[in-house]
Structures are given as structure tokens and as C-alpha cells.
Amino acid sequence: MASTAPVIMRIMASSIQTAKLAGGIIRDVLKQGDLGIVDKGKNDPQTEADRSAQRCIIASLTKKFPGVKIIGEEGGSDLNVCDDWLVEDLDEEFLQKSCPAEWRDAKPEDFVIWVDPLDGTAEYTQGYVEHVTVLIGIAVKDAAVGGIIHQPFYQQPDGELGRTIWGLKGLGTGGFTHSLAPPGEFIITTTRSHSNALHQQALNAFPATKILKVGGAGFKVLQLLEGKAHAYVFATPGCKKWDTCAPEAVLEAQGGFLTDINGKNYSYNADVEHVNRQGVLASVGENHSELVYKIPRKVREAVGV
Ligand SMILES: Nc1ncnc2c1ncn2[C@@H]1O[C@H](COP(=O)(O)O)[C@@H](OP(=O)(O)O)[C@H]1O
Ligand SMILES: [Mg+2]
Ligand SMILES: [Mg+2]
Ligand SMILES: [Mg+2]
């Protein structure tokens, strides 16, 4: 099965296993205590966990899929890793599923894998570990098609740490229970560490009954999927393609939308600009275009159409 399944199914099944190992590395760095924080820019920390998790993910996926382009947040990594960090196995349960017809013939050169080894780094360094996710996004040509969102610090009912959520357009999602957000309320989830005046102007335009400020694009999209919020608003540049590729694919595989603040999906081919200049707007579905029109024109003009 493993060697005959379509490439996209093998990439997804391998990414599920790889995200789990990366999650273990992230827990280990925290346990050992020295985070090795480096500032990449204003409000843009990188830790030993970001660096090590990226090496594990990119080394494992490069070895398994040598013809596939992989782009990681932390830049060029040393792929010479110990055997313990090389993930060989595929998630067998996922491999049993049937590949949607539209992706069956996609070839290695059609893919770009966008890797955010640790989403929510600021929160990780501040102890809000439940906001942390590992994101592996799978694009085919321009579109975000598949995604893995792994939560290293999610506590399972049996006490085990870690949960892995996946989504593939045309197939569906797995690893969590989908819920609808409370009707009669309008709850927005948004950044807790990258706000600015422009973003605040957009937030003020929504009739929100509650605003949740949490870290990470992955965690915010999980809040939409689990019915904790109705919309994710980030009306300024700052997020990058590795932040949104996996969350977009998982959310849209569940019937939601993740777009820029003009309602347009981003492109995820290998040549695109990494920054999502037109911000992020995500919702669980039915009224996405109404949300787009709530954002003031001034904000829209400031980020460019
Ligand atoms: N102004 C900014 N500068 C740098 N990174 C930003 C940013 N705004 C958002 N991001 C990145 O987008 C992701 C989600 O941000 P937020 O938690 O504020 O919603 C984070 O990913 P990382 O933690 O992977 O770097 C964060 O660093
Ligand atoms: Mg970062
Ligand atoms: Mg990120
Ligand atoms: Mg990151």
C-alpha cells in the first residue's frame, strides 16, 4: 500500500508522523530548560525548538520525497540529523483512505510543502504552551490542499500529550470533533502579540460579543474548527505562507474559508512572496463575504488590494 498510494496520500501520511516527532522535540527543549532564544526581528523570536523541529521535519520529508520543494520558516537547515530524528514510517490509518480523484495524478514537482516547525513561538517562550502548533501545509500548484496541525501540549483524556489534526480537500478532516460556535454570539479570535493600530481599526468594525487573543495561526483556526470562535481576523501584514497553508487547507476541507482581508485565497506556489501582505480573514463558512465587507475601506487600502 505504502509504495503504491498516490504521492499526496504518502506526503500527508508521512507529515502526520513527522509532525508528531517534531512535537516531541518541542516538548523536550522546554523540559531541558534552555530555549536558546534568538531575535529574528521585532517581536519575532526563534528558539532551539523552532530550529530543531524544522531540521527534523525537513530532513525527514526531503529524504522521503526528494523531488518535492519544501520551504520552512527557519530558512536553510542543516539536514544532517541523527537517525532518531528521521521519520521513516507513514500513518497507516490515513493511508487506508481513498485519494480524492482531483489529486490522484499530482506529481512531486506539482507540490510545495510549507513548514512552520513551531507556530506561536512568542507564546511558547512565555509559557502559553497550549497555543503552540506544528504546521505542515501541502500545496498543489497554487492551492493549499492538505494540512497537518499538531498540538504538542494538548492533553488527551488518558494523560498523553499531543494531538494531530489533518485535513485534505475533497476528503475531509480528522483528529478532532467539529463543533459550531454558539449561535447568537459573534466571537473573534485574533493575535495576542502582533497587534497594531491598523489591525485594531478592523477589529473595532465588527460587532463582536467577545474577542479572544491567542497565539499562532494554527491555534486560532483550531478555535474555529472546535466552535470556540466564529472568525479569525488579522488585518495587517505579518503572517507568512507557512503560517496559513496548513490551517487554510484544514479549515477549507471542513467547509470554512481562510483568505486575505479582501476575501481572496493566497497562492502557495514556490515563487510567491512569503509575507501575507493583505492579512488574514478566516471563518467557518456561511457568511465569509459579509465579513469581508465589514472591514473598513481605509484598512483595505492600507494593505493593498
Ligand atoms: N508583525 C509580525 N512580525 C513577525 N511575525 C509575525 C508578525 N505578525 C504575525 N507574525 C507571525 O504569524 C504567526 C501568528 O501570529 P500571531 O500569533 O500574532 O497571530 C506567528 O508565527 P510564528 O510563531 O511561527 O513565528 C507570528 O510570528
Ligand atoms: Mg517565527
Ligand atoms: Mg507561525
Ligand atoms: Mg514558527
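The first residue you see is number 1, and the count goes up from there.
Every residue, even glycine, has its Cβ placed from backbone N, Cα and C.
Site annotation for Mg(2+) in TrEMBL covers D116, L118, D119, D243, and the matching candidate from E73, E74, E160, E273 is E73. Sequence-ordered, the extra residues of this chain that approach the Mg(2+) site, with Cβ no more than 8 Å from the Cβ center of E73, D116, L118, D119, D243, are D50, V115, P117, G120, T121, T133, V134, L135, G216, A217, G218, K240, W242.
Annotation: D116 carries the greatest number of neighbouring Cβ atoms among the binding-site residues E73, D116, D119, D243 [cut-off 10 Å, Cβ to Cβ]. For the recorded site, E73 (Mg(2+) binding site), the DSSP three-state label reads coil.
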